[in-house]
Amino acid sequence: MYQPTISHFFKSSQPSSQTDTRQDEDQRLDIESHEQRGGANMNKDELINILGSDSESDQDLDEDLDQDQNNNQDQDQEQDRDLASKANNGRSTLSAERIERRPDFNEKLKTIMRKRNAGSMINTGSDDENDDNDDVKSTKRTKANNKKLTELDQQFKELKLKHMDTILCVRVGYKYKFFAKDAEIVSNILQIKLVPGKKTLDESDPNDRNYRKFQYCSIPDTRLHVHLQRLVFFNYKVAVVEQTETSALKKNNNSGSLFTREIKNIFTKVSYGINETFDKSEDRILGDLTSVWAISINETSKMRKVNLISVQLNSGEIVHDQFSDDILLNVNLEARIRYLNPTEIITEEELPPSIRTIFTKLNQDIQFYQSHKEACPNLFDALQGLDLNNELKRLLSVLHSYLSTFENTKVLYFASNYSSFTAKNFMVLPRNTIESLEIFENSTTNKTNGSLLWVMDHTRTQFGYRLLRKWISKPLIDLKSILDRQDAITCIMKEVHSIFFESFNELLRKSIDLERALNRIAYGSTSRKEVYFFLKQIATFASLFKSHHTFIHDQLHKENSALRKTSCLLFNILQNLDAFFSATDLPLFLQMINVDAALDKDSHKNVIEFFNLNKYDFPEGLLHKYRDIEEVKTELDDELQNIKRVLKRPTLSYKDTKDYLIEVRNTQAKTVPSNWVKVNSTKAVSRFRTPKTEELVGKLLYHNDLLNLLAEDEFKRFLQRIVDRYAEIKTCINNLATYDCILSLAATSSNVNYVKPKLTELHQKVKVKNGRNPIIESLDVNYVPNDVLMSSNSGKINIITGPNMGGKSSYIRQVALLVIMTQIGCYIPADSAEMSICDRIFTRIGSHDDLLNAKSTFQVEMSEVLHILNSSTPRSLLLLDEVGRGTGTHDGLSISFAILNYFVYLADNCPLVLFITHYSALCQIDSKLIANYHMSYIEKHQPGEKWTNVIFLYKLVLGQAHNSYGFNVAKLSNIPTEIINRAFEVSEEKILSSKHHNFLEIMKALKRVNERKLNKEALKKIQAFIEDI
């Protein structure tokens, strides 16, 4: 049976700024006495007598009970309907039947009592929402009565008119409420009750005139972030509206009856991960690898010019880029979408549908927003060293305006966060290559398992994982950088048993996400607990380096040290880290924190006692306010002496040091002066305050609230002192991330039969002995190793034929994966390897159409081939799998032949090409650049089967295959033998027909084209042919 939460029954309205966890013994005894009577017949007034007068209004109680019954309608819908009716008509008792249906009710009463005694930071003062006299089922009203909204609804309306694209989540006491259309949306997503009322702000709905208030639904404040995640997952922007004053401050300022409220946080899918509450145990965070783009696009008839700035809020990485793109292919734009994974696109003007389609085709969750350019001179002063053109600066202003809504602009002010998407020392893999080679996700389930990232990811930290992902997506093309990583891996593998490195590695494994924490500190969205863990982590690293000072000094300063001789990269990392940890004063900041308070679950203690005032270097303001509080407490002690004299009870004391109540037995209540204020009572005792005590308690609450505000200001100042060191801390984290990535590559390289490839820049070459596909091998499949031999001297073009399912596609993917791993700096699965450096890797594998852009499968194939031909260089690696499969045999053969001829024509400028085909006639092309291979097999005949069966050997051997053995694949697919036999007979008849005998004539014609040396004019004809499709 569903059990409602504590907040669904009673909520304290006592405006408290302290927490006292001691239990009220008399309240406990009264509840236990009720339990002994069977737990029934306790009405709401009796509960108020037990718990005191701080329980929420009758209406809120009935409303919560009614909402509970809606959430549990499967089991007790009928009983709840009766109860709601009683509540609305009589509203006098908490029915015994509901208590009986909740066997844990009495236990909950005890929990409520403990919560009441613990106090609360939430003020439920005198807002009309807490003194709501409307029934749960909103009754219809006359026109005269509904012209004026309630104060709370009017406050919501004013906020909503300023944020029409945002769902407002408004704190009302111990709940968060959603109003009007927002409530309708939230109710549907969260499946919670919607209380009827006005649906629109302007009463455009005909039924709105029947209500005075907006329709609404609500959630408990303890479940806020659970529900926020669900809302932003559905791509809604949600703003959390908080009360900005407490009851004590409100009373002292003589403000109106309504609490002031303002937006504290705004969340979207991309910003939630950086703004939500800190949780160091969470592995992968919502929005962790997504980004926000500011983009401008200018189009001509054939080309599209794009400027963009992308910011990843968790890492603080900002990427700027400008490029041109073919308006039909969108290859460059799609590559950037695949790399940077945008979920929010910001523009000044609305993007046309054709552009939106490019984004949503790759990610349906992308949201589009418009923002305006704003002046931000301080930003460009901070970025003076960056080479940004005027258009990128304009986009940066637009992005700044948008992020200011979330208070996430701080990351834009650090020049070290900026980088260009393209650079001279790494290659950019096209989207097709990333997907075809399963770099980040497998193509079956779209999960990380079974991808290259999965094989290579042994990182210990979140920031290390993000950097490794970047390394894999952008392999190096600079020889020295690759060799530096190889040397670092070799050094780590040799030094892995060093005490220092073992301790360092283990410390990394336990590290929080320092990069994310630093940016949350910069944004001001962090928590005190997170700041403590952040500083503690930095201090722990510093302590490790200090304790191993001798080892580090020897490695860094001795000429013959293993580190200095073996790895320049690792040497620089260690040197930079040692310098930072030796000089930083962040461990001193850690000493300024009161650890117990920082980790305390009591939010009030967490705030006002966060600093260790014996160590904190700016304690004056806090100490002054503590003295004010102590003076009031002294006055309360003096007043207690007067009370003792009046009651003639020398041993009397306050009931507690939170509410400062005087407890008198009911039998002696008549002796209490008439001007004393009765606060609450039980069957045994009554509790009072004197007029002076009442005044002093209000004064105490006021000073406590001021202390709270002052502590918040001091915390902000403390955060700013950390942010002032942002650049050097970020550099330190980058060094830690680089080291973590090297550790990960070293772990991968330590696999059995992995070898360090030899690199050369002199000529094109990929030579691998017994190479293996790293992904398939990691899946515990017995993978057959294969050699690779491609060089400028011979075999720059490998034509591969063989049976269907014989392993041709797996083989060419293996070659590309080994090249990528090599240029990341990692060892590879092979006996030996020697490679030149490739500047681009292109793939044309598989087939698919593009219905959104009205492109057939064949047109998509030809467009991609054309892009590859235009974009490849002599240093590129091309993987072409069955080009021409999307059209008829004659056209497919002709196109394949023309493409191969084009590569032959390029001669020394020809890239390395792996060309899979079932057109065996192509193997007749005579050129020293071409080498023919096939995947080996053994033929076998089975009784009753007219066709030839094959046993796959998955071994690449020289020569061509003369049959694709498609009937064998049909058998493996469990097609009935009778059908396959008939298909074989038809095939044999066609082979003997004159139409297929004309293949020899076709080849003679193609050979004549070859003799005329197909040139770039022929390529233009191919392009014209594609455009006419």
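A Cβ is built for glycine as well, from the same backbone N, Cα and C atoms used for every other residue.
Per Swiss-Prot, these features apply:
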type	residues	note
COMPBIAS	1-20	compositional bias 'Polar residues'
REGION	1-142	region 'Disordered'
COMPBIAS	21-47	compositional bias 'Basic and acidic residues'
COMPBIAS	55-67	compositional bias 'Acidic residues'
COMPBIAS	86-95	compositional bias 'Polar residues'
COMPBIAS	97-110	compositional bias 'Basic and acidic residues'
REGION	143-270	region 'Mispair-binding domain'
BINDING	GLY802, PRO803, ASN804, MET805, GLY806, GLY807, LYS808, SER809	ATP binding site
Model confidence over the region 'Mispair-binding domain' (143-270), as mean pLDDT, sits at 88
Least crowded of the binding-site residues GLY802, LYS808, counting other Cβ atoms within 10 Å of each Cβ, is LYS808
In DSSP terms, the region 'Mispair-binding domain' (143-270) comprises 53 helix, 32 strand, 43 coil
Per DSSP (helix/strand/coil reduction), SER809 (ATP binding site) sits in helix
